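A.B. asks: From Swiss-Prot, here are the annotated features:
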- Arg21, Arg126, Arg127, Arg166, Ser167, Ala168, Asp169, Asn177, His207, Leu208, Tyr209: dUMP binding site (BINDING)
- His51, Asp169, Ala263: (6R)-5,10-methylene-5,6,7,8-tetrahydrofolate binding site (BINDING)
- Cys146: active site, nucleophile (ACT_SITE)
Amino acid sequence: MKQYLDMMRHVREQGAVKTDRTGTGTRSVFGYQMRFDLQQGFPLVTTKKLHLRSIIYELLWFLNGDTNIKYLKDNGVSIWDEWADESGDLGPVYGYQWRSWPAPNGEHIDQISNVLAQIKRNPDSRRHMVVAYNPAFVDQMALPPCHAMFQFYVAEGRLSCQLYQRSADIFLGVPFNIASYALLTHMFAQQCDLDVGDFIWTGGDVHLYNNHLDQAKEQLDREPRPLPQLQIRRKPASLFDYEFEDFEITGYDPHPHIKAPVAV
């Protein structure tokens, strides 16, 4: 994950000093891109241990169209707790926009199902896109989507994905987002009988919080280790039928976890 460490180093050393919504303060750059060849390993950061359970269950939660944290909490995942209301609701966040984008005629658009069908039917289309950032609903969301939109691309039998992330918390958020969308690409590829290609991560406001600078230095001082491999144990009948137990990561030998506060 040299690409990720290079980005962290660049922002830590060259980033502009900025204020932010949380009052924490950041070092920030505008516009950065990384590319990961998914044939060369699963892009899971090795310079600190990530909680893979949270990454997988969150993605399954998104794909279910769910916006209440009960499913996450029932499965030991707490990453959305700080933003939920007293009943566990987050408003019309990712899952709602992915699976039930409101149409002007009162119906709803299942973007995920539409894109999956479109890839199978017309792989060369330039319209394989899913958008989570719906301006009409931003004020109703507990947290507006940071990873705002993604696009698939098919060439030579391989499926690639590019994510645009409007707001990128380098230390805590970005490693999760890279792994999540890499996993999503593998799932789509399996359902479409394609190999995986590249995952391209594109960031807008790419930042390190001031209370993550010491942790970033600790991580930068560590030597990256070989990437693990992802194995999907079965091919479900539907993209929406995957379960946590279907995914196996082998060869993941990370450095120890580094604690850091979440900016809420």
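Backbone N, Cα and C atoms are what each Cβ position is placed from, and that goes for glycine too.
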A.B. asks: Under 8 Å Cβ to Cβ from Ala263 ((6R)-5,10-methylene-5,6,7,8-tetrahydrofolate binding site), same chain, six or more residues apart: give me those in sequence order, or none if nothing qualifies.
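C.D. replies: Counting only residues 6 or more apart in sequence, the Cβ neighbours of Ala263 ((6R)-5,10-methylene-5,6,7,8-tetrahydrofolate binding site) under 8 Å are Asp20, Thr22, Thr24, Asp169, Tyr209, Asn211.
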A.B. asks: Does DSSP put Ser167 (dUMP binding site) in a helix, in a strand, or in coil?
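C.D. replies: Strand, per DSSP.
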A.B. asks: What does the structure give for the C-alpha distance between Arg127 (dUMP binding site) and the residue listed as 'active site, nucleophile'? Integer Å is fine.
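C.D. replies: About 21 Å separates the two Cα atoms.
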A.B. asks: Please report the three-state DSSP label of Cys146 (active site, nucleophile).
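C.D. replies: In the DSSP reduction, Cys146 (active site, nucleophile) maps to coil.
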A.B. asks: Pop the Cα-Cα gap between Cys146 (active site, nucleophile) and Arg21 (dUMP binding site) into the table, whole Å please.
C.D. replies: 13
A.B. asks: Report, as a single number, how many Cβ atoms besides its own are within 10 Å of the Cβ of Asp169 (dUMP binding site).
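C.D. replies: Result for Asp169 (dUMP binding site): 22 neighbouring Cβ atoms inside 10 Å.
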A.B. asks: Could you give the maximum C-alpha to C-alpha distance in Å for the residues Arg21, Arg126, Arg127, Arg166, Ser167, Ala168, Asp169, Asn177, His207, Leu208, Tyr209 that bind dUMP per the record?
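C.D. replies: Comparing all Cα pairs, the maximum is 36 Å.
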